[in-house]
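Asker: As listed in Swiss-Prot for this protein:
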BINDING   Cys24, Cys27, Cys40, Cys43  Zn(2+) binding site
Amino acid sequence: MAKKALIVKAQRKPKFAVRAYTRCNRCGRPHSVYRKFGLCRLCLREMAHRGELPGVTKSSW
């Protein structure tokens, strides 16, 4: 889990637009965040397996 201070810091608008970065809305993780869902890869995988994300299915080929 991310520290509260880092989550609050990420929510503020930065002085320069290029300094903005995405964080997972669920756990606050800063890396590998899918913009479409606003979740990191770990939370996305967990929620997809539990069926909490509509329209997301496990692919097999």
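The backbone N, Cα and C atoms fix where each Cβ goes, glycine too.
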Asker: Taking the recorded Zn(2+) site as Cys24, Cys27, Cys40, Cys43, identify the other residues of that chain whose CB atom sits within 8 Å of the mean position of the site's CB atoms, giving them in sequence order.
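Answerer: Not counting the recorded site residues, we get Arg23, Asn25, Arg26, Gly28, Arg29, Val33, Leu39, Arg41, Leu42, Leu44.
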Asker: When DSSP is mapped onto helix/strand/coil, what comes out for Cys24 (Zn(2+) binding site)?
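Answerer: The three-state answer is coil.
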Asker: Helix, strand or coil at Cys43 (Zn(2+) binding site), per DSSP?
Answerer: helix
Asker: Around Cys40 (Zn(2+) binding site), how many other CB atoms lie within 10 A of its CB?
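Answerer: Around the Cβ of Cys40 (Zn(2+) binding site), 22 other Cβ atoms lie within 10 Å.
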Asker: Among all the protein chains here, how many other CB atoms are within 10 A of the CB of Cys43 (Zn(2+) binding site)?
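Answerer: There are 20 such Cβ atoms around Cys43 (Zn(2+) binding site).
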